[in-house]
Amino acid sequence: MLHLFAGLDLHTGLLLLLALAFVLFYEAINGFHDTANAVATVIYTRAMRSQLAVVMAAVFNFLGVLLGGLSVAYAIVHMLPTDLLLNMGSSHGLAMVFSMLLAAIIWNLGTWYFGLPASSSHTLIGAIIGIGLTNALMTGTSVVDALNIPKVLSIFGSLIVSPIVGLVFAGGLIFLLRRYWSGTKKRARIHLTPAEREKKDGKKKPPFWTRIALILSAIGVAFSHGANDGQKGIGLVMLVLIGVAPAGFVVNMNATGYEITRTRDAINNVEAYFEQHPALLKQATGADQLVPAPEAGATQPAEFHCHPSNTINALNRLKGMLTTDVESYDKLSLDQRSQMRRIMLCVSDTIDKVVKMPGVSADDQRLLKKLKSDMLSTIEYAPVWIIMAVALALGIGTMIGWRRVATTIGEKIGKKGMTYAQGMSAQMTAAVSIGLASYTGMPVSTTHVLSSSVAGTMVVDGGGLQRKTVTSILMAWVFTLPAAVLLSGGLYWLSLQFL
């Protein structure tokens with residue numbers, strides 16, 4: 001690992017350490033800000049002692065990051081303006097990363113201090129949008145192009161739909177439990193609050209199987225949170241490393257010969273597909289004429305311009321770099337590796353446009369998505385030590401400051417105390433929906449899903465909601481996005497004044 005940092009001068013080394021500290025601090029805040037959601041219900045239903053619950057959440061957050069894959073990590077990264085992603089080594093790219101992280105840290109710390117379960121995901125996405133808008137305004141480019149609108153809309157869709165799903169499904173579970181699981185005295189215990197059970201049965205803990213279900217569902221929430229939110233931290237660390245130390249991280253320097261061959265085969269197959277469907281490529285790119293591949297033996301200009309009409313030419317360049325004798329990326333110069341990354345990201349954007357075309361069959365869509373995944377496999381990666389560092393930061397953060405937000409979730413959303421059935425329904429809904437989102441690569445808000453699930457159970461159970469708390473949570477939800485947009489955009493503009 002350390003050899004990848006060899007050759008960095010003092011200034012670059014310090015910049016790298018500072019940037020990594022920023023990302024890991026952001027992830028630690030995410031731990032004590034969002035993971036309160038995983039422990040709130042088990043603590044307030046007395047299924048686990050608070051210290052044990054927090055350690056459990058930290059451990060399963062850690063495992064969630066380690067085992068969760070990278071689909072969400074790069075879904076977030078690709079929301080950034082393409083021109084900044086293609087030029088991550090520039091001072092503008094670094095200013096972007098620092099502004100984005102600082103904005104997210106300021107807002108997350110503020111909402112945590114006041115005990116508001118605001119969304120770290122919303123904050124990060126708002127910060128990314130702020131960067132995109134400021135970059136578009138300063139460079140005079142189209143806001144629509146700068147913001148990667150299709151990606152932004154799909155992520156917004158998941159963030160808006162996920163709390164509604166939480167509300168409806170958790171409420172539905174409570175309805176079913178009330179209808180079919182309250183006929184006998186033994187079954188009806190699941191609908192008691194801890195205080196009611198102590199008064200009625202003289203016992204402080206939930207019934208055995210109810211307690212097991214509460215603990216398992218809390219483990220599910222913690223694991224799902226690590227798999228979804230932890231990946232966002234991994235994506236940010238990779239952005240930093242590509243920007244500050246591109247020589248070691250612009251592509252996966254540890255890629256095996258097999259992985260490089262897989263990338264090369266994908267490039268050949270993408271080119272073959274586009275050569276067979278030139279009309280589709282023209283339609284997707286909006287170009288009257290595609291730039292053809294150069295004649296054999298002709299020299300190509302050194303500078304590559306990313307434009308969809310250049311796709312065939314771009315694929316030809318990639319083939320020229322990744323010849324069959326390249327079994328390790330060490331054989332390519334830094335310039336070649338950087339250009340290879342730029343071209344692959346450019347081709348990837350074109351593939352995304354073609355996949356969305358109405359004339360593309362479902363089989364072709366699957367084929368193109370698979371080829372895109374194979375092509376990007378050696379640039380969309382994360383070393384194990386990065387995954388471990390993010391997992392540790394998230395786990396440590398969980399154990400530090402969980403109490404403020406957990407109190408809001410456990411005590412202040414409903415007018416009455418939380419019953420065992422409500423806690424279990426909210427957690428099961430959150431664990432399943434966040435887990436599915438991580439599997440499909442959609443970033444969702446753990447906070448929104450669990451808060452809305454708790455609210456759904458309270459409404460269906462007839463307990464009602466505390467207006468003051470719900471208003472505060474809704475205000476935090478509404479203002480998180482514009483606040484993050486303004487903060488990151490302002491910080492980015494300010495930082496560029498000094499470059």
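Positions of Cβ are set from backbone N, Cα and C atoms, glycine also.
Some features that Swiss-Prot has for this protein:
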- 1-4: topological domain 'Periplasmic' (TOPO_DOM)
- 26-51: topological domain 'Cytoplasmic' (TOPO_DOM)
- 73-93: topological domain 'Periplasmic' (TOPO_DOM)
- 115-123: topological domain 'Cytoplasmic' (TOPO_DOM)
- 145-154: topological domain 'Periplasmic' (TOPO_DOM)
- 176-206: topological domain 'Cytoplasmic' (TOPO_DOM)
- 228-232: topological domain 'Periplasmic' (TOPO_DOM)
- 254-381: topological domain 'Cytoplasmic' (TOPO_DOM)
- 403-429: topological domain 'Periplasmic' (TOPO_DOM)
- 451-472: topological domain 'Cytoplasmic' (TOPO_DOM)
- 494-499: topological domain 'Periplasmic' (TOPO_DOM)
- 5-25: transmembrane segment (TRANSMEM)
- 52-72: transmembrane segment (TRANSMEM)
- 94-114: transmembrane segment (TRANSMEM)
- 124-144: transmembrane segment (TRANSMEM)
- 155-175: transmembrane segment (TRANSMEM)
- 207-227: transmembrane segment (TRANSMEM)
- 233-253: transmembrane segment (TRANSMEM)
- 382-402: transmembrane segment (TRANSMEM)
- 430-450: transmembrane segment (TRANSMEM)
- 473-493: transmembrane segment (TRANSMEM)
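With pairs at least 6 apart in sequence, the transmembrane segment (155-175) and the transmembrane segment (430-450) have 3 or more Cβ pairs within the 8 Å limit; the two touch.
It is 5-25 that, among the stretches 5-25, 94-114, 124-144, 207-227, forms the most Cβ pairs under 8 Å with the transmembrane segment (382-402).
Touching of the transmembrane segment (473-493) and the transmembrane segment (94-114) is concluded from the presence of at least three CB pairs under 8 A, sequence neighbours closer than 6 excluded. As a summary of secondary structure, the topological domain 'Cytoplasmic' (115-123) carries 4 helix, 0 strand, 5 coil according to DSSP.
Mapped onto DSSP helix, strand and coil, the topological domain 'Cytoplasmic' (254-381) counts 82 helix, 0 strand, 46 coil. Counting residue by residue with DSSP, the topological domain 'Periplasmic' (494-499) contains 3 helix, 0 strand, 3 coil.
Long-range neighbours of the topological domain 'Cytoplasmic' (176-206) within the same chain, counting only residues 6 or more positions beyond its ends whose Cβ lies under 8 Å from a Cβ of the stretch, are 44-47, 214, 416-421, 424-425, 460-461.
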